[in-house]
Structure formats: structure tokens, C-alpha cells
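According to Swiss-Prot, the protein carries these features:
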type: TOPO_DOM; residues: 1-80; note: topological domain 'Cytoplasmic'
type: REGION; residues: 1-31; note: region 'Disordered'
type: COMPBIAS; residues: 1-18; note: compositional bias 'Basic and acidic residues'
type: MOD_RES; residues: Ser10; note: phosphoserine
type: MOD_RES; residues: Ser27; note: phosphoserine
type: MOD_RES; residues: Ser44; note: phosphoserine
type: TRANSMEM; residues: 81-103; note: transmembrane segment
type: TOPO_DOM; residues: 104-109; note: topological domain 'Extracellular'
type: TRANSMEM; residues: 110-129; note: transmembrane segment
type: TOPO_DOM; residues: 130-162; note: topological domain 'Cytoplasmic'
type: TRANSMEM; residues: 163-183; note: transmembrane segment
type: CARBOHYD; residues: Asn184; note: N-linked glycosylation site
type: TRANSMEM; residues: 187-207; note: transmembrane segment
type: TOPO_DOM; residues: 208-219; note: topological domain 'Cytoplasmic'
type: TRANSMEM; residues: 220-240; note: transmembrane segment
type: TOPO_DOM; residues: 241-266; note: topological domain 'Extracellular'
type: CARBOHYD; residues: Asn243; note: N-linked glycosylation site
type: TRANSMEM; residues: 267-287; note: transmembrane segment
type: TOPO_DOM; residues: 288-302; note: topological domain 'Cytoplasmic'
type: TRANSMEM; residues: 303-323; note: transmembrane segment
type: TOPO_DOM; residues: 324-360; note: topological domain 'Extracellular'
type: TRANSMEM; residues: 361-381; note: transmembrane segment
type: TOPO_DOM; residues: 382-406; note: topological domain 'Cytoplasmic'
type: TRANSMEM; residues: 407-427; note: transmembrane segment
type: TOPO_DOM; residues: 428-431; note: topological domain 'Extracellular'
type: TRANSMEM; residues: 432-452; note: transmembrane segment
type: TOPO_DOM; residues: 453-475; note: topological domain 'Cytoplasmic'
type: TRANSMEM; residues: 476-496; note: transmembrane segment
type: TOPO_DOM; residues: 497-509; note: topological domain 'Extracellular'
type: TRANSMEM; residues: 510-530; note: transmembrane segment
type: TOPO_DOM; residues: 531-587; note: topological domain 'Cytoplasmic'
Amino acid sequence: MDILKRGNESDKFTKIETESTTIPNDSDRSGSLIRRMKDSFKQSNLHVIPEDLENSEQTEQEKIQWKLASQPYQKVLSQRHLTMIAIGGTLGTGLFIGLGYSLASGPAALLIGFLLVGTSMFCVVQSAAELSCQFPVSGSYATHVSRFIDESVGFTVATNYALAWLISFPSELIGCALTISYWNQTVNPAVWVAIFYVFIMVLNLFGVRGFAETEFALSIIKVIAIFIFIIIGIVLIAGGGPNSTGYIGAKYWHDPGAFAKPVFKNLCNTFVSAAFSFGGSELVLLTSTESKNISAISRAAKGTFWRIAIFYITTVVIIGCLVPYNDPRLLSGSNSEDVSASPFVIALSNTGSMGAKVSNFMNVVILVAVVSVCNSCVYASSRLIQALGASGQLPSVCSYMDRKGRPLVGIGISGAFGLLGFLVASKKEDEVFTWLFALCSISSFFTWFCICMSQIRFRMALKAQGRSNDEIAYKSILGVYGGILGCVLNALLIAGEIYVSAAPVGSPSSAEAFFEYCLSIPIMIVVYFAHRFYRRDWKHFYIKRSEIDLDTGCSVENLELFKAQKEAEEQLIASKPFYYKIYRFWC
């Protein structure tokens, strides 16, 4: 029996199994609360693999995609969760503090760098959204690479991407401790690491709902803080506020200037900080398997444009007008969570007596941002580990899912990495994390490149197999050209980072300086060939377009019904005023 292709009886079975993951286990209801809690950690009995799956005539990739599409996640995320995760989920220390390191390269270099990375990020999110809405499988875009490009490339992307989140977790825990130390330096930072570690781990044991509700609340705080800063910043630029010396405008763009010298090298230097600021913007697409409605994913992806335009570009312009790039405080921070190096604090503290109050306020915002990133680290890494286990690229124990849809082994591995946060008590902490981050430093650009390439390959496969673009659940606003632009931009960003690593700004070239930023390149090459050697496949370095699986796990089960619904929706939008049409296009 063909158990994987669209339109057959087993597809109905797959749909029933996937949808039933939100139904509680009846056998647990009669027990005590403690027993129900205990039993909830047992392996899910809802994820049933058909006995004839392994014996079917389908390809190995089709079998893997079926498994990824039928993982027993709970579909509980609503539109409000996804909207706030998309808007505020990536507003972290990269923006609130890391922006200062980029500003030291000049306001024009900062703006150009953020525009380039922001454009790249918009292309990436649109490409990932198209694939995630079409194939809402475990691991999302990280596993789509294996489906549309090559399994070894997919393994390299997924492992490096997961490693980046795993390493970020203990680093952000240390950030929580150091942020608290701004108010109280008498308590050992390791105590604060322990408190936040327990809080984050317990929070993730509440499942995806605990993650989503926490992110919803924290994102609101961050968004409000950004809006407050934008309003105050505009007033200060116009010459308002206490201790005002008059209209500022673009004063600092002329003196000390728009670019620090050397211009090109400083421009390339902004790419790293910009990538750090935008990193995780694609996280909302990872929730596709736990979302109530796929359309909520597409709407959240459309909001990326406004998030980039308002929260990043507008903020960058205001910061560039309020703080000169040669302000020594920009590079005076003792660590990546030092509030004194925040350009937000520097800009507002120039108002005089407000300085101390502003520092306290921004420290609260930064603490909220760091806790939010910690939460995202455990969520993202645990889901990626589970997907790698389900696809057979990691030991099968990694795919363990309990009855509440929690990837417990993935959460446990994240927790194990979190223990590295106690290195805050060591004098070698900075050096250790410098080299840990070097393991995945450039992997963000590589991951983004592969996401865009996956969308291009998806469109090419549709054409090669005589299929129409009309069956795409959500089409990227930029189409396939957005994927092409994303690939080009990310390739240029990788080249720029390699260049500035080989010839760093303000210091001589050295192997140590180069590998601090580019160690991930040889690491990825080794991982790629190690996986290919393990598979013993040296004949096929990419999947042929005609052989790409376009059916397994596809959200469009009834093509004719889907087309009718799309046509009705288009007719409804066509009957609305022009402003509504614009709203639906961008939101």
C-alpha cells in the first residue's frame, strides 16, 4: 500500500494522528494530580508509525519526512502568541547593547550594515515562511534543507544552528547575573545564574504554552520600551528635553562624520553586530508544528517588514543622530551585558539628571531581554535536537516526546549546556565563551543562505515535476526572487565577515583573531564530510529536482478545495478599499 502520497487512505490516517495530538490522554484523567503529572512525562502513545512504513516502496527521504510531519506536538499557539514572538522575540542585547559596537564604525556604516542585513533577513523569513506553511514539519526550516538540497548539508545546518542556541543559553544566563550585579555586587553572580537557570528550566517544563505566554509578556515590555525611546529620541533630536543645547538633527553625521576610517573595513565590521541583533528573527517559523493555524504563521512572517523598519532601522537612525561614533563610552563596556555601553543609555543620559534613572530603566529592559533570549534558547535547541533524532541524524532517544508534547531529551541537553553558565565564577569565563561562540560564529549567515536556497529549490522542483505555483499555501511576498536576493546578500555578508576577520579593524592580522570569527567554517566542512562519510554516499551531492518530495507532510491536502478557498479570498480582498488591500499585502 502506498502510505505516503497525497490522496490515499493513509493520508487520512496521518491527518487524524497529527490532529489528535491536542487531545488529552483519557487514561490519566481518573488518577490523582501527582500521578497525572508523573504520567505526563511518559512517552507519547499518540505518535503511531504504520507497520508497513519501513517495508513500503517509498524513498528513505519520504519516510523521514513522514516521521517529521507526524511528531506529536500540541497545536496551541494562537495568532497573538505568534505576532508577539515575531515582533519582540528577537529584541535582545544585540540591539540594546551590541548596537554600540557597530555605531563605533560610524552612523552611516551602521545604517548601511543594518539595511543590508535587514533586507537579507526579510528575504530569509519570507523564504522560510513559504516552506513552513507548505510543510509544517518538526525542525521546520532546519530540516527543509535536507529535503530540498542535500541530507549532509541539512545535517550541517541543523547541528550548527542547534549548537548556536545551546551555547547562547549559558552565555545569556551569565548575562542575567551580570545585569543583576548592576544593582547588587555583594552576591556571587553564580547565585543569580542558579536562580535564572532553575526558572528557565521549570518554565520550559510547562510546554510550549509556558514558552509562548512568557514570550508574549516579555515581548510587550520590550516593544513598549522601544516605542518610548523612539518618541523621546525624536524630541531630543528636535531640540527638546531638559538641558537641551538646541536642534541636533544630523549634527554628528558631519562632526565627527558619517564613517569611521577605514570606511569599507568598518562597514564590514557592522555585519557581525547586525547579524547578532537580527539573529533569531526566523524563530517564529520554528513554531509551525505547534501553531493552531498555518495562516497565523504567514501573517507573523509578513510583520517582519514592519519589525525591521520600525524597531531596527528607525532606532538605528535615532541612535546615529544622538550619539557621536567617537564617544568613548560605546566601547567601554566590560562585557556584552554592561548597560553603561548601551547607546540607548548614552543617548538619554546626555539629558543630564535623567541619566541615573535612565540607566536603571534600561537595565530592567535589558534583563527582560536576556531572560527572553534564555527562554528562546531552550525552546529552539530542544526542538531542533528532537527533529534531528526523529530524522535519524542523532540517536533515536533524542526524538523522545512525552504526552504533553515536550521534547524532554532535547530540553535535558539544553539544560546540560546551561550548566556552563556557572563559569561566571571562573576568571577564564570570557576566554571560554569567546571560543565556544567561535564554533558557530558564521553559521547564522550560512543557515540563512541555505533557507533561501531551499525555497529556490522548492520552486525549481515544482516546475520540474509539472506542478503549479497555485498549490503553494503561502507565497513569499518577494517570490523566488527574494530567495535569490537572500542568497546573494548572505554570500556577500559571509565574504565581508571573512575579510574583516583576516584584517581586523585597529589591530594586526593574526590567526587567533581570524578563527575567533571564522572557526565555524572548518568546523562545518568537517561536519559535512563526516556525515557524508557516515552515509557512504559520494555519488549524489544534491537531490535532483525531479526526485524532491513535494507531497509528504504537505499542508495542502485537497488541491481543488484549496484553490477554491484562495479564489474566494482573493475576490473578497478585491472588493475591499485600497487601504485594506495594502494592509492585507503587508500584514
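Cβ atoms here come from the backbone N, Cα and C positions, even for glycine.
Spatially, the transmembrane segment (407-427) is adjacent to the transmembrane segment (163-183); three or more Cβ-Cβ distances between them are under 8 Å for residues at least 6 apart in sequence. Against the transmembrane segment (163-183), stretch 361-381 has more CB pairs under 8 A than any other of 220-240, 303-323, 361-381, 432-452, 510-530. Residues 84, 87-88, 91, 246-249, 310-311, 314-315, 318-319, 321-322, 344, 347-348, 351, 361-362, 365, 368-369, 372 of the same chain lie 6 or more positions beyond the ends of the transmembrane segment (220-240) yet place their CB under 8 Å from a CB of it. Cβ neighbour count for Asn243 (N-linked glycosylation site) (all protein chains, 10 Å cutoff from its Cβ): 9. Tertiary neighbourhood of the topological domain 'Cytoplasmic' (453-475): same-chain residues 127-131, 133-134, 141, 144-145, 147-149, 294-295, 297-298, 301, 482-484, 487, 543, 545-546, 548, 550, 555-556, 559, 562-563, 566, selected by CB-CB distance under 8 Å and a gap of 6+ residues from either end. The average pLDDT for the topological domain 'Cytoplasmic' (288-302) in the predicted structure is 82. The transmembrane segment (476-496) makes no contact with the transmembrane segment (361-381), as judged by fewer than three Cβ pairs under 8 Å among residues 6 or more apart in sequence. Helix, strand and coil content of the topological domain 'Extracellular' (428-431), in residues and according to DSSP, is 3 helix, 0 strand, 1 coil. Relative to the transmembrane segment (187-207), the listed stretch 361-381 leads the set 81-103, 110-129, 361-381, 432-452, 510-530 in CB pairs under 8 A.
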